[in-house]
């Protein structure tokens, strides 16, 4: 029965993908703790322990550093990276709002009276870049430079992201005077800022990708009929909610032969990973 066969094969692909992620996680835990089922709580020698109580370490992931950027245990490096993360998160939150707001409301009047550019003339998304004149770019860069030099120039209390400027973020001296004196409330608010910043970084990248692919910040994928990715939307393994997912663009050439070769490779790797995952689990209970 074709429908049942397609369902079973889709399940195999999905299970294989899950198994590939699972076995990599098992290898990582084994290498880190010395045991396939090593208890992280007992691994007290890890330099990552130094940062487990830091703001931004939240369940269910906990302290997540897959590239080992904090493996040295250097507090200065950790705080510098946290500061960079906070800056990027704040910019991404502003950028995400900047993508959404013009779809519903725009400032009245002129963006530049001299150049006869109205706010309503500026398209939303990446195409708006073409409307910004050279002097406008100079103003943007100049403003960013002033903020960097005058505001983001010195940490307060040696706390990443704390520049004593409450209007640019929660992580500031100002929040101590606005009802956040309670350490638990303060930590909750700062964790929320970090979490929202991380989400915004993913959101703005997704918006850029969709804008570049469809030509619109809110482009409707259903109308983008010219994409070579359409050739593979009905293939096995294309499942909700992600659909056909090819962020690196391996199939952009639309070659069916190349697609099938990669699908065959994925299936082989998935099958090996499923056996390997079972091989990790069974010896814990039976030999």
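All positions are counted from 1 along the displayed chain.
For all residues, glycine too, the Cβ spot is worked out from N, Cα and C.
Going by TrEMBL, these are the annotated features:
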BINDING   64, 70, 85, 88, 193, 196, 198, 210  chlorophyll a binding site
BINDING   90  chlorophyll b binding site
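Mapped onto this structure are the features recorded in TrEMBL.
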{"residue": "64", "record": "chlorophyll a binding site", "contacts (Cβ under 8 Å, 6+ apart)": "none"}
{"residue": "85", "record": "chlorophyll a binding site", "contacts (Cβ under 8 Å, 6+ apart)": "56, 194, 197, 198"}
{"residue": "88", "record": "chlorophyll a binding site", "contacts (Cβ under 8 Å, 6+ apart)": "197, 201"}
{"residue": "196", "record": "chlorophyll a binding site", "contacts (Cβ under 8 Å, 6+ apart)": "89, 93"}
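Straight-line distance linking the Cα atoms of residue 90 (chlorophyll b binding site) and residue 210 (chlorophyll a binding site), rounded to a whole number, equals 21 Å.
Counting every protein chain shown, 21 other Cβ atoms lie within 10 Å of the Cβ of residue 193 (chlorophyll a binding site). Ranking the binding-site residues 90, 198 by the number of CB atoms within 10 A of their own CB puts 90 at the top.
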